[in-house]
Structures are given as C-alpha cells and as structure tokens.
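The block underneath contains the structure these notes are about, expressed in structure tokens.
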Amino acid sequence: MEPPIVDKGWAWIYVFASFMISIIYDGFLFSIGIFHGNLYRYFNSSNAATSLVESILLGMDYIAGPFASCLVNRFGCRKVSVTGSLIATSGILLSLVMPRIEYLYLTMGLFCGFGVGLLDFSSVFILGIHFHEHRATAMGISFSGSGFGSLLLAPLMGWLNLYYGFWKGTMLIAAGLMLNCTVFSMLYSDFGYSPGTVSSESFADVLQGGVVTPIGSTETQTTVKTLPSKVSVKEATQTDSHDTEIELVEVQPLQTSSRSLLYEEQSRCSRFAHMVRNIIDLSVFSNYAYIVFNLGNFIFCLGIRIPFVYVPDRAVELGLATPEHASFLLAIAGVCNTLGRLIFGFWADRTTITRLHIFNAILMVNGLSHFATVFINKYYQMAIYSCVFGLTFGGLVCLTPVVLVDLVGIRRFNTAYGLIGLTSGIAILVGTPMAGMIHDRTHSYEYGFYVCGGIVLASCLVLCSIPIVQKKCARH
C-alpha cells in the first residue's frame, strides 16, 4: 500500500472526486424536503410519520461514521466509497415498490442513509489523510459540492415532480445520479490510516503493532523464549518502516509468562479483532475537550436539519410561494452553503483567530437567524433567511473536521470523527420528527423554527466552555 501524498499532486484529484460525489449525495439529502408533501399525501400518513423517513435518512448518514471509519482502515477509501454508492442506489430503487410509509424507514432511511454515510465519511477521511497544511482549504472545496448539489438538484427535483406528476419518476432519476458516485469513487486511493498504527507514545503501543526481534537476530519471533537485554522493535506502518532499539528494564513479567506477545497479523481472527477494536475504541474520550465538543455537537444536530426539511413547507404555509417556487429557497441555501464552506475554509487556514472561536461565532449567528423568522412576511425575506442559515451551516460543516483534528490530532481523527457522526445521527433521528410532532399539535411550522434556534444557541454555550476545559486539563 502506497504512502499518502500530502498537499500536492494527486491529492488534489481526491479533492475533485470528493467534490463531485458531494454534489450528488449531499444535493440529494438537501433536496429530500421537496418529497415531504408527496410522501405525506401518497401514503396518507401523519406529518411526524413522514418526517421520520427524512430523519432516519439524515441520521444514518452520520451514524454510519464509526462503521465507515473501521471499514476505511481495513479496506481503504475507494472500496468503501464504491460500496456506499451501490447501497444508496439500491435503497432508493427499493423505495419505489414499497406499499407503506413504514417500509421506507428501512429502504430510504436505513439502506440509502447508510450508503450515503459511507460516501460522506470516505470523502472526509481521504482528505484528512492526504492534506496537512491546506487541510481546511481542501475540506472547504470538497464540502462546497454540497452547495452546488443543492443549487442544481433542488430546482431539478422540484421541476421533475411537476413534469412527471409523480414522485417515483423523480426518485428513479435520483437513483441514476447516485450510481454515478461509483465512477468518481474509483479515483480514490485504497490507503487507510489506522489509529492503531504503531507510535512512539507508549511501549504498549509498540507491543500492539510491532514485531519483537532480539538484537543480532534476523528471525522474527512472536514469543520470547530467552530474555535479551535489548530488543529491536520493527515499526511497520503504511508510511514508513524502521528499527528501534529499546532496553528491557522490567523483565520479570516476561520471564513468568508463556503467553504470546503478538498474534500473527495475517490471521483472520486478528484482523477481525482489529476491526472490532476500531469500532468500540473509546480511548478518545480520555480527551475532555473532545467530550465537550461531542456533547455540543449532539445538541447542535438536534435542530440543525429542521430548516432544510421544513423551509419549503413553511413558505407555502405563509402563502409566500407555490411549491415549485418554494423549492428555490433550498437552492438559495445551497448557493450560500457553498460560499460558506469555501469562505470559512479558506479563512480558517490563513487567520490568527483559532478555528474553535470561528466555529462558535458562526454557530451563534446560525441560532439567532432562526428566531428572526418571526418577522418574515415576504418571499424575499424568506430568501434572506435561507441565505444566512445556508452560509453559516456551510461554515460549520467545513470547520467541524478541522476543529476536531485540532482537538484530538490526526492519529485519532478517523475514530473521533466516526463517533461524532454516531452521536450526530442519533440527534438528527430525534430532532427532525420532533419538529413534525410540533406541527401536528400546533398545525404550524413556526414553532419548530423557534425550537431549532434555541437548540443551536444552547450548543453554542456548551462549545464556548472548551477553552476553559483545556486550560484546566493543562494545569493538571
């Protein structure tokens, strides 16, 4: 397996591939609100039951994170991304023949959502591996594909709904678009950065990932039969290989133990155990700043997806637009989403302000914008709101992995980001149907936006405590 190319050459091809993939899958996710009314009427279901399809879809995109992390470490980004494309396409196609809304929870929600999650996290992991100095810029360019996808697919899906007069025809075309992610996924490398790779942090890390060889011997051993005063530990990673001499100070435990120190790396059981450890490895939670960030992100995700699902319906409810024109509000949010990812990604690489402070400032503006919807009574005002929350949402998405690397380091990035995705997905599963339930009780989408604003501002307060936590941890 070839070592990663960092900040140059083919690494920028990965940016292009992830950009194109983001256009397709994220454009589909941001356009899913257009189908809300169609599904609501076709299956004659409640608003909350219909919104659960969108909630599971969006939630599974995040929940797939830990599994995507493990699979990328084992099989590489290319195979995982191709598999995700095929699973997502299959989920959309199966949804076309389902007779009840409950079946869409499985096909559109679980299957398509999990496939999209593999696409999503693969594109983040490959850029995290292959970029260092320009990481925020690369992430911003890649994630801006989401905005272009919203700009292109939201009006397209709305127009196709009117053209066919039936949501299934539009979904069939969406499945064809999703299948094209397979082509762009083939441009990825199969390199996978494993957090369990040998490092110099501790002798335990060496024992987990190294091969013990007595000095002067060329024969590799997995058990110690005689006790040398020194051993040579060969560090084998995807990027480098070298020998390190270390002295054995405490040899008594080795002398009294007949257990094998290491298992053969080629053993199927060993590989499976390694995959399981990557999924359930919670050592990253020893970083208290990461715990606070994860908590704040969980609260944030309870409300952040609500506007993308209910903005078109809210505009129609207020009598500001027809369903066709209401879909353009998502396109406006998509354009600003793109600009937000590019602007904040470029700025974060070049400013002296910490990325965490930028993240918190954007989060505060996003939360306040949802309360401003109380003053909206014109279409252009709804368009301005769509612009603001799209711009800030793009900045938050772009900076999340960058801030995470600053908090936990690149070595634990895959695992940390995957676990962030898991908690985010659970929050989205709860948050979006919650807004639907509020509508069913109040017969208005207005209060859902107020709840969204309160949730986002609460998460901002939590994340503002991270510098305090870091200072206290540094003292101890």
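Along the chain as shown, the residues are counted starting at 1.
Keep in mind that glycine also has a Cβ here, set from the backbone N, Cα and C atoms.
Just so you know, TrEMBL annotations never went through curation; they're auto-generated.
Remember, it's a predicted structure, so these values are computed and weren't measured experimentally.
Feature annotations, courtesy of TrEMBL:
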type     : residues : note
TRANSMEM : 12-35    : transmembrane segment
TRANSMEM : 55-73    : transmembrane segment
TRANSMEM : 80-98    : transmembrane segment
TRANSMEM : 104-129  : transmembrane segment
TRANSMEM : 141-160  : transmembrane segment
TRANSMEM : 166-188  : transmembrane segment
TRANSMEM : 287-306  : transmembrane segment
DOMAIN   : 289-476  : domain 'Major facilitator superfamily (MFS) profile'
TRANSMEM : 326-344  : transmembrane segment
TRANSMEM : 356-376  : transmembrane segment
TRANSMEM : 382-404  : transmembrane segment
TRANSMEM : 416-435  : transmembrane segment
TRANSMEM : 447-469  : transmembrane segment
Contact set, same chain, for the transmembrane segment (104-129): CB under 8 Å, 6 or more residues outside the stretch: 4, 14-15, 17-18, 21-22, 25-26, 28-29, 39, 52-53, 55-65, 67-69, 71-72, 77, 80-81, 83-92, 94-95, 98, 135, 138-139, 142, 178, 181, 185, 188-189, 191-193, 401, 405, 410, 413-414, 417-418, 421, 425
Top partner of the transmembrane segment (416-435) among 12-35, 55-73, 80-98, 356-376, 447-469 - counted as Cβ pairs under 8 Å: 55-73
Across the domain 'Major facilitator superfamily (MFS) profile' (289-476), average pLDDT on the 0 to 100 scale: 87
Within-chain partners of the transmembrane segment (356-376) [C-beta distance under 8 Å, separation at least 6 from its ends]: 300, 303-304, 307, 314, 318, 320, 344, 347-348, 382, 385, 388-389, 392-393, 395-396, 399-400, 403, 406-407, 446, 449-450, 452-457, 459-460, 463-464, 466-467
Result, the transmembrane segment (12-35) in contact with the transmembrane segment (326-344) (3+ CB pairs under 8 Å): yes
Segment proximity, the transmembrane segment (382-404) to the transmembrane segment (80-98), 3 or more C-beta pairs under 8 Å: no
Proximity of the transmembrane segment (166-188) to the transmembrane segment (12-35), 3+ C-beta pairs under 8 angstroms: yes
